[in-house]
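> Before anything else, here's the structure in question.
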Amino acid sequence: MGGMSSDNIHGLVLALSSSVFIGSSFIIKKKGLMKAGVTGTRAGSGGYSYLKQPWWWTGMISMIIGEVANFAAYAYAPAILVTPLGALSMIISAVLAHYFLDEKLHIFGVIGCALCLVGSTTIVLHAPQEIQVKSVKEIWHFATAPGFLVYACIVLIVVGVLIYRFVPLYGATHLVIYVGICSLMGSLTVMCVKAVGIAMKLSFSGSNQFIYFQTWFFTVLLFGFILLQLNYLNKALDTFNTAVISPVYYVMFTSLTILASMIMFKNWDHQNASQIITEISGFVTIFSGTFLLHKTKDMGSPATESPKRSNASTRSRNESPTRPEL
């Protein structure tokens, strides 16, 4: 770490702490959602009985602590350093799910996770350095540039279509719907976090940034985006396997956040063909890992029967009508 600045070291420590709390919160909240589903309407079906569960609130507190640490990390270090460290929360969540939720990953799921990590690491190692900004007005200048405005509009339109068109039809069966909403909004959330975090850091240093309307505008957007993400993350956790949600969410969120950061700060202008090709290779590796995770998410599950066993069991029941069913 000798070559790292003190700010980057502070950001690194905060990001690592954030991953521990957030990774644990997935499992704790899942326990609360499971308990709530026994006595009330499940979150995946639109219910909110989990709000009465102490387990869910404990997980929520853990997530808040993690998000606060993550928030602070963005104020000290560039997004290209902080965001990829979310891989640690994925690993922690998968390990805890194995021991406390009895959620197993098939060997191909493990390979899918490895591919996702390799692809994300490739992008991180070859992505350009983020431009260092020193005021909220500078971020406002970047955020209102035509390129980023187009990206933000596309994200909001896609999220709107997913929520009003695809969630009612495929939300309960396709993991990518809920996670896609969280990841797309997350890429915009990080940009708001960067703005508000820098505003607070500069204000504590003596340069008050809260006299500018831009700071308050970013703050309002930040809270709105976070609430939307939490709602659909709860639905995803209550509907799908945690060990699959964590890596897919990490991959999509990291990729989109890096993309948003590159568009906003125009880092592509300083890259050569070799760097761009390497980044594209990283994205292909990520997509391959994600595909493998989706295709194998039910393999190795105790509750999953092979078609032959299922058919044999059905025939047995049909052939023995007088046998009592347990």
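From the backbone N, Cα and C atoms, a Cβ is placed for every residue, glycine too.
Dumping what TrEMBL says about this protein:
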TRANSMEM  12-28  transmembrane segment
TRANSMEM  55-73  transmembrane segment
TRANSMEM  80-101  transmembrane segment
TRANSMEM  107-127  transmembrane segment
TRANSMEM  139-163  transmembrane segment
TRANSMEM  175-198  transmembrane segment
TRANSMEM  210-228  transmembrane segment
TRANSMEM  248-265  transmembrane segment
REGION    298-326  region 'Disordered'
COMPBIAS  316-326  compositional bias 'Basic and acidic residues'
> Under 8 Å for C-beta pairs, could you tell me which stretch among 139-163, 210-228, 248-265 has the largest tally with the transmembrane segment (175-198)?
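Counting Cβ pairs under 8 Å, the winner is 248-265.
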> List, by number or range, the same-chain residues at least 6 past the transmembrane segment (210-228) whose CB is under 8 A from its CB atoms?
67, 136-137, 139-140, 181, 185-186, 188-189, 192-193, 195-196, 199, 203
